[in-house]
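Taken from Swiss-Prot, the feature N-acetylserine covers Ser2. What Swiss-Prot lists as N6-acetyllysine is Lys91, Lys128, Lys252, Lys353, Lys367, Lys410, Lys419, Lys495. Residues or ranges marked as NAD(+) binding site in Swiss-Prot: 167-170, 193-196, 226-227, 246-247, 269-271, 349-353, 400-402. Among the features that Swiss-Prot reports, site 'Transition state stabilizer' is placed at Asn170. The annotation active site, proton acceptor is assigned in Swiss-Prot to Glu269. If you look up Swiss-Prot, you'll see Cys303 marked as active site, nucleophile. According to Swiss-Prot, the feature region 'Mediates interaction with PRMT3' maps to 336-501. Annotation comment: Swiss-Prot describes Thr337 as phosphothreonine. Positions annotated as phosphoserine by Swiss-Prot: Ser413.
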Amino acid sequence: MSSSAMPDVPAPLTNLQFKYTKIFINNEWHSSVSGKKFPVFNPATEEKLCEVEEGDKEDVDKAVKAARQAFQIGSPWRTMDASERGRLLNKLADLIERDRLLLATMEAMNGGKLFSNAYLMDLGGCIKTLRYCAGWADKIQGRTIPMDGNFFTYTRSEPVGVCGQIIPWNFPLLMFLWKIGPALSCGNTVVVKPAEQTPLTALHMGSLIKEAGFPPGVVNIVPGYGPTAGAAISSHMDVDKVAFTGSTEVGKLIKEAAGKSNLKRVSLELGGKSPCIVFADADLDNAVEFAHQGVFYHQGQCCIAASRLFVEESIYDEFVRRSVERAKKYVLGNPLTPGVSQGPQIDKEQYEKILDLIESGKKEGAKLECGGGPWGNKGYFIQPTVFSDVTDDMRIAKEEIFGPVQQIMKFKSLDDVIKRANNTFYGLSAGIFTNDIDKAITVSSALQSGTVWVNCYSVVSAQCPFGGFKMSGNGRELGEYGFHEYTEVKTVTIKISQKNS
């Protein structure tokens, strides 16, 4: 998230208690129907933090029923003034500000995030997103249409209905609010499934949603696993829309489930293998730092990671040298500890996948400049890794790594690099570094990406639409476009005795 004035960062909380570990339905806390629970871990220490109720199909059914009841015509939620919906969202933002330290500590412990990043960037982004969505609540409106004949025609922007929202583990709280903010602003009700790795901040949000004054059933939170709770949401006949952020593989399953059930609307924000192109005329210091942050931020666990770095031939060697020098500055360790600049990967599965891809880079002939292996005796830590002499056919140049691995490729001409940059199934984002405005406009127009950054990278804001081309998904989140995903347009035509201009 882009930010202006940054607050001071306090010390994280110690002896944090996890008060909310149950399923949240109708503004009440429930045990799972099955009686099952699942463990939640700290990826930096591999220690169990707590156990959370494991939602399944029966729990999703209960949540959807509550959401449907809250969405009925004449309900407190449906009859509420749009401006009052905005007031509730602003109240929720106030409560997040009050609990900012607690939530940031929880994100760092459960998600392996650097505490300072969680406090400044994640929580800062959460608050700004909610306030932006609150402002839109009474500005979502229809139009009158000058239809031929003696008719009066207007459109209504109505809420879609019950929205299933499936949240990823890399930005658990921020993505929770990217989902519920626009949905609630438009007047929908929601059933949210947080990622099984990182459910704790979402469950704390349940308590704040109730405290803010949202009517029962408007927001329901069902922690659980993707193949059970997630699949139940995607295939549910009484869910009108599902929004998902996560892998392309799972996105395909969700779209298939939607098609096989009630053809519910689907918006997807999926994987990426984003190109970042550095031309010889770029400000080299700026390009090195942005490209570095673009791939190493949050241990590389970002869908927009600048994971295909194309550098023009004449500056290639110097760029590699500076990039390696920058990567070697990291201090790995517990993300709650001051001075640490890289935390762990989220879990063992991701850790092993990243190490396997690093090994493939070595075997396929890329030059390992630094890193290249695990770090420490406890936790899922991987050394910051830089490869040079990478070719487009290598696995590390084609597959989404989702780890602290930078691969730097060489290019000679503008036409060549555009072709190579677009030679991927993905199309989420891209970066261009140049001081030539004509080149910047030409390349940004040619790239098949939902977002293109010029002389910067990973600059995301609630005011700007975000989403992908190709297999990086469909639909947009945030910005004015993001609200279209959560409304249906109804045309109303009334016969009148005489129309006048």
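Any Cβ shown, glycine's included, is placed from N, Cα and C.
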Candidates Lys128, Lys495: member of the modified residues with the richest Cβ shell (10 Å): Lys128
C-alpha spacing of the residue listed as 'phosphoserine' relative to Asn170 (NAD(+) binding site), in angstrom: 36
Reduced DSSP assignment, Lys367 (N6-acetyllysine): strand
Ile167, Cys303 as recorded positions, winner by CB count within 10 A: Ile167
Protein Cβ atoms within 10 Å of Lys353 (N6-acetyllysine), excluding its own: 16
Alpha-carbon spacing, Lys495 (N6-acetyllysine) to Lys252 (N6-acetyllysine), which is rounded to whole Å: 45
For Ile401 (NAD(+) binding site), the number of other Cβ atoms found within 10 Å of its own Cβ: 26
Where Lys410 (N6-acetyllysine) falls in three-state DSSP terms: strand
Three-state secondary structure, which DSSP defines for Lys495 (N6-acetyllysine): strand
Rounded Cα-Cα span from Lys91 (N6-acetyllysine) to Glu269 (NAD(+) binding site), Å: 28
Pairwise CA distance, Lys353 (N6-acetyllysine) versus Ile401 (NAD(+) binding site), rounded so that it is a whole Å: 8
